[in-house]
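Here the structure comes first, spelled out in structure tokens, and everything after it is commentary.
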Amino acid sequence: MTHDIHVIGGGLAGSEAAWQLAEAGLKVRLSEMRGSGEETPAHQTDGLAELVCSNSFRSDDAEANAVGLLHQELRTLGSLIMRQADIHRVPAGSALAVDRDNFSASVTEAIDQHPNITLVRERIDALPDGPTIIATGPLTAASLAAGIGAETGREALAFFDALAPIVHRDSIDMDTAWFASRWDKGEGKDYINCPMDKDQYLAFHQGLIDGEKTPFKEWEKDTPYFDGCMPIEVMAERGVDTLRYGPMKPVGLDNPKTGRWPHAVVQLRQDNAQGTLWNIVGFQTKMKHADQVRLFRTIPGLENAEFARLGGLHRNTFIRSPELLDETLRLKSRPNIRFAGQITGCEGYIESCGIGMLAGLFAAAELTGKTLTPPPYATALGALLGHITGGAEVETYQPMNVNFGLFPPITGRTKKADRKRMYTDRGRAALAEWLNSPRQQAEPADNSPELAPSA
Ligand SMILES: Cc1cc2nc3c(=O)[nH]c(=O)nc-3n(C[C@H](O)[C@H](O)[C@H](O)COP(=O)(O)OP(=O)(O)OC[C@H]3O[C@@H](n4cnc5c(N)ncnc54)[C@H](O)[C@@H]3O)c2cc1C
């Protein structure tokens, strides 16, 4: 069968993208290297959509949780992954967890039997010339990663997540913390600063030394770039004052309460365009999540911090999407190629599935001579897409789970307890409006030439 489009990678994203394309009547070649004698360091089987670690798709609460809202949106849009997850659900409270083997087997069977999909067990080493979706995930084969790096520039391709924790802005106590840049440079208010006196600093330093760490997996040890992103606890082990000369340097930061530099300072930098999320600068860490929460809440100003993401350090191949991709996930330098799934810098099974679905829908519209308007930012899919294709700061771009911090903030006076519900109500209304609008147009809009179908 000749094909209209090539999907590379049969994980969560590639399987969903292939399904959406095939359902739209397009002929798809789906290439998956597992089953051809190739393997990744994490996958255990040859099945499509294998869940490499946990068997959970996380919260299924569509009223008060951004992940639950994403589940609901994907169900509404006819997701193969969500349909099979619901069929193979196992008890897990308000979470959606699945029998992983049956789930993967049923996705594989559905793909294999679809008359419009040819599943080929092969490794792809170079970027194809025709319409393509690359969904090769965090463990993309080295040969293809090299090809992607050659196209994007090597500095735009990361091999490691050096994740600093990210905090919701509205959970920071600004009576203690203050806005300032070192020596009042730049706008003078670019960072949120949390001051520490000597005793607080020494206790914090000891907490870093004592905290329980996640060990590196054998295959993570050899991954490049590790030296460039040293965990904060490793810095702490080098000496009691190392951090005060590094990420916790107080120099040039007058505390407005005392008019003096504190003993040490923890700085947070804006992480998204809306200003709702702030990352703790230089705090990438291998500490276990519970210890991170406990220790980071001892930082003055962060006593009640709510974390959109905790720190981490592990192998993860991803591109600098906000710079490289357009709003429909096309590579700007080669618009015949789209990226989908975790390689775009979303994080997690269901987020990868969501971006796989969007890549499939965008490509299907384009190949049938239409354009598809991206979903509104107020939806979970739109918020996630916005983070990937423009909402995040390019230089500090790091993978991210879906969370309310990616959504446009709810404005006006609201009770904190009501806010999650307001996000999900607004998201549902926005999705309904999008579905009922003429979101697929036969002609590309005059003012958006980048949406024109590629050759
Ligand atoms: C060790 C580990 C543990 C994780 N644990 C969790 C977790 O508990 N929960 C969670 O939500 N997320 C977890 N993740 C993240 C998880 O990998 C992603 O959320 C999800 O699998 C990404 O989906 P994807 O389709 O983008 O990539 P994948 O599911 O990895 O699929 C990519 C596919 O592409 C194939 N491939 C790669 N290169 C080529 C090539 N050149 N040619 C052909 N095929 C190729 C691979 O074999 C693979 O099947 C974990 C990741 C790792 C590495």
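From the backbone N, Cα and C atoms, a Cβ is placed for every residue, glycine too.
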Of the ranges 203-225, 249-271, 433-455, which one does TrEMBL list as region 'Disordered'?
433-455
Of all the binding-site residues here, Leu12, Ala13, which one's CB has the most other CB atoms within 10 A?
Ala13
Cβ within 8 Å of the mean position of the Cβ atoms of Gly9, Gly10, Gly11, Leu12, Ala13, Gly14: remaining residues of the chain near FAD:
Val7, Ser15, Glu16, Ala17, Glu32, Leu48, Ala49, Ala135, Thr136, Gly137, Ala340, Gly341, Ser352, Gly356
Given a separation of at least six residues and a C-beta threshold under 8 Å, show me what packs close to Gly14 (FAD binding site) in the same chain.
Val7, Ile8, Leu30, Glu32, Leu48, Ile133, Ala135, Thr136, Ala340, Gly341, Gly356
Using a 10 Å cut-off, grab the number of neighbouring Cβ atoms around the Cβ of Gly10 (FAD binding site), all chains included.
29
